Amino acid sequence: MGNGSVKPKHSKHPDGQSGNLSNEALRSKVAELEREVKRKDAELQEREYHLKELREQLAKQTVAIAELTEELQSKCIQLNKLQDVIHVQGGSPLQASPDKVPLDVHRKTSGLVSLHSRRGAKAGVSAEPTSRTYDLNKPPEFSFEKARVRKDSSEKKLITDALNKNQFLKRLDPQQIKDMVECMYGRNYQQGSYIVKQGEPGNHIFVLAEGRLEVFQGEKLLSSIPMWTTFGELAILYNCTRTASVKAITNVKTWALDREVFQNIMRRTAQARDEEYRNFLRSVSLLKNLPEDKLTKIIDCLEVEYYDKGDYIIREGEEGSTFFILAKGKVKVTQSTEGHDQPQLIKTLQKGEYFGEKALISDDVRSANIIAEENDVACLVIDRETFNQTVGTFDELQKYLEGYVATLNRDDEKRHAKRSMSSWKLSKALSLEMIQLKEKVARFSSTSPFQNLEIIATLGVGGFGRVELVKVKNENIAFAMKCIRKKHIVDTKQQEHVYSEKRILEELCSPFIVKLYRTFKDNKYVYMLLEACLGGELWSILRDRGSFDEPTSKFCVACVTEAFDYLHRLGIIYRDLKPENLILDADGYLKLVDFGFAKKIGSGQKTWTFCGTPEYVAPEVILNKGHDFSVDFWSLGILVYELLTGNPPFSGIDQMMTYNLILKGIEKMDFPRKITRRPEDLIRRLCRQNPTERLGNLKNGINDIKKHRWLNGFNWEGLKARSLPSPLRRELSGPIDHSYFDKYPPEKGVPPDEMSGWDKDF
């Protein structure tokens, strides 16, 4: 410019330059981070994919392990059975598969059979009966207050935690655990002494409080027992022989509980609960006139639900199908009223009061709100569907109470009289034959039965004694003589069970139950003279074949169902169903034998003694909840499974494991392919964990089993009339042909005299 001025150059402001550089750096950093995120995402996806693969592999391996475990267990049982068959065939190689062993294999080879062939047979177990009328040394009446032992709160907590860690005990009710803790008492042992000794009977459960214990089998060390661990729990269920020894390595302190105290606690808490629930139900106008058996079923269906303060149990205007009884706490009842924006308090309900009872009759639109007034409110709940399935609809119950059912039954009997005439004639013929034989044996000496009878062969042996095939001297009339060692009965406190078997069998006359003709006794034995059924044991045939086809299984199940129908009508529960207790008569029809665990109970009543065969006992027996006829339906489901597969569904390496498997239930169990859909459905419905949900124990009773689709088309009338050919019939050469039974060695030694007098009325 003319004035010499110079135009300044444009220059970047230092701050602007810094800002641009900063933005570029950020963009670069973001790009780098994005690349890193993508890399990490790819890496994460790869790891997730790898993890998914590992999970799938783990799931497959878990399934494979479960299948292999089940298969191994099955193979072990099957191995025993195959070894038994080898013994049956005199050690020769098997010529046929287990499914194709002919029915008469036993007949051809029975002379070669030894006691080894009994190895797979299942044995029954029993605690002392709760009613020990014939036990001259029975203890005094149980008193919970006298059984309690003082402990501080920290000891109680440690014992409670130890019991709750145990696989079996953790399933008991909290109140039962609490009572057990109260009654456990201290037992101290010196170093080197035995707390439990292998081979000796057990009577206590223990919790280790101080010291060190080791478990031995023979001379072999198996394990050590950690502090505050429970052991010996099987002994509180029933009288059993210890399978291992527990030795004190140091001085030891334990807490112990006796079997008798445990069983009294279980019975006491369950009976108290049932009585409380029964009183609640008797206060409900809709239910107060129901008979005891219906009330008992409702009690067993009740579930406990808990609510905290402010929780709505029922909302006004909602439809409901559930009935509630307040078991603990308080609730308030509020209702919408004209002129108020908020529902108004109507009243407060307390323990023992109920609401929602109209829901048992039909869908009920709730007319008020029911709200918990405090924490831990407990309600007993039953819904209409459960109520209807278990005891019937309200209309059905009304008819029942008015006597309409009795009228309908009489009309039904008239309608079916002609159809049932053949089975009535058969029953009459059986009764006449039984009377004639009873008259004959009534003349025999009551203390010397073998003056008139001679032993032909041994049909069976057991812990109790032996069963001998006998015949009347100089006559072609045969019987089975059950010889029970009196000393064994006293030692195991089973006097009540023996008397119960006698009383029950004397009352029965059914073509599906073995007949009792006479009893005898001497200084060493009590005897039962029974019907001789010489077609063999169902267990032996199942052992030889491996499993049965469906038609044969249906026939067996039908025979048992008829036997149960007859027994349950008389108020008798059987409690020991298994193939070992089913025997074939000359026509191949099955009969129930061994009524040592059978018991007569009143309508709506329960019984408490732990008894049965481990693989067949129902969950409520294991948990000492009290049981009734529904245990027989459970065992029928187990029998169906064993007939079709050759093995029961629950079988552990020891009895306690078997019980824990039973308590886990059958619902989630995978069935083998040889059990088809229909029998599987029957088994699952018979083996429901809740007794009130079992087929046979619903409102239609045992008819639900007979009408199950697996048994569709079965000829029940032909079975009852014995005109239906048996798939298990075998030829007999005469009344003393015992060729279908295993051969047993002579009894070793002579049992001692037992003269306490418990059998004076036998």
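In case you wondered, yes, glycine gets a Cβ from its N, Cα and C as well.
Note that the coordinates shown come from a computational prediction; the quantities given were computed from them, not determined experimentally.
What Swiss-Prot says about this protein:
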type: REGION; residues: 1-25; note: region 'Disordered'
type: REGION; residues: 112-138; note: region 'Disordered'
type: BINDING; residues: Gly232, Glu233, Leu234, Ala235, Arg242, Thr243; note: 3',5'-cyclic GMP 1 binding site
type: BINDING; residues: Lys347, Gly356, Glu357, Lys358, Ala359, Arg366, Ser367, Asp412, Arg415; note: 3',5'-cyclic GMP 2 binding site
type: DOMAIN; residues: 453-711; note: domain 'Protein kinase'
type: BINDING; residues: Leu459, Gly460, Val461, Gly462, Gly463, Phe464, Gly465, Arg466, Val467, Lys482; note: ATP binding site
type: MOD_RES; residues: Thr609; note: phosphothreonine
type: REGION; residues: 740-762; note: region 'Disordered'
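Recorded features from Swiss-Prot, shown on the structure.
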{"residue": "Gly232", "record": "3',5'-cyclic GMP 1 binding site", "DSSP class": "coil"}
{"residue": "Arg242", "record": "3',5'-cyclic GMP 1 binding site", "DSSP class": "coil"}
{"residue": "Lys347", "record": "3',5'-cyclic GMP 2 binding site", "DSSP class": "strand"}
{"residue": "Glu357", "record": "3',5'-cyclic GMP 2 binding site", "DSSP class": "helix"}
{"residue": "Ser367", "record": "3',5'-cyclic GMP 2 binding site", "DSSP class": "coil"}
{"residue": "Val461", "record": "ATP binding site", "DSSP class": "strand"}
{"residue": "Val467", "record": "ATP binding site", "DSSP class": "strand"}
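The Cβ centroid of Leu459, Gly460, Val461, Gly462, Gly463, Phe464, Gly465, Arg466, Val467, Lys482 marks the ATP site; residues of that chain outside this set whose Cβ lies within 8 Å of it are Cys483, Ile484, given in sequence order. Among the binding-site residues listed here, namely Glu233, Val461, Gly465, Glu233 has its C-alpha nearest to that of Lys347 (3',5'-cyclic GMP 2 binding site). The shortest Cα-Cα distance from Thr243 (3',5'-cyclic GMP 1 binding site) to any of the binding-site residues (Glu357, Ala359, Gly463) is found for Gly463. The Cβ of Ala359 (3',5'-cyclic GMP 2 binding site) has Gly320, Ser321, Thr322, Phe323, Asp383, Arg384 as same-chain neighbours under 8 Å, each 6 or more residues away in sequence. In sequence order, Val284, Ser285, Leu286, Phe323 make up the list of same-chain residues 6 or more apart from Glu357 (3',5'-cyclic GMP 2 binding site) whose Cβ falls under 8 Å from its Cβ. In terms of DSSP helix, strand and coil, the region 'Disordered' (740-762) has 0 helix, 0 strand, 23 coil. Neighbours of Gly232 (3',5'-cyclic GMP 1 binding site), defined as other CB atoms within 10 A of its CB across all chains, total 21. Taking the centre of the Cβ atoms of Gly232, Glu233, Leu234, Ala235, Arg242, Thr243 as the 3',5'-cyclic GMP 1 site, the nearby residues of that chain (Cβ within 8 Å, site residues left out) are Val196, Gly202, Ile205, Phe231, Cys240, Met656. Of all residue pairs in the ATP-binding list (Leu459, Gly460, Val461, Gly462, Gly463, Phe464, Gly465, Arg466, Val467, Lys482), the one with the greatest Cα separation is 14 Å apart. The two recorded residues, Gly463 (ATP binding site) and Arg242 (3',5'-cyclic GMP 1 binding site), have Cα atoms 16 Å apart. A Cα-Cα distance of 29 Å separates Leu459 (ATP binding site) from Thr609 (phosphothreonine). Cβ neighbour count for Leu234 (3',5'-cyclic GMP 1 binding site) (all protein chains, 10 Å cutoff from its Cβ): 21.
Mean predicted confidence for the domain 'Protein kinase' (453-711): the pLDDT average there is 94. Reduced to three states, the DSSP call for the residue listed as 'phosphothreonine' is coil. Local packing around the Cβ, expressed as the count of other Cβ atoms within 10 angstroms, is greatest for Gly465 among the binding-site residues Gly463, Gly465. Between Ser367 (3',5'-cyclic GMP 2 binding site) and Arg242 (3',5'-cyclic GMP 1 binding site), the C-alpha separation comes to 61 Å. Considering other CB atoms within 10 Å as the measure, the emptiest surroundings among the binding-site residues Ala235, Leu459, Val461, Val467 are those of Val461.
For Glu233 (3',5'-cyclic GMP 1 binding site), the nearest neighbour among the recorded positions Val461, Gly465, Val467, Thr609, judged by Cα separation, is Thr609.
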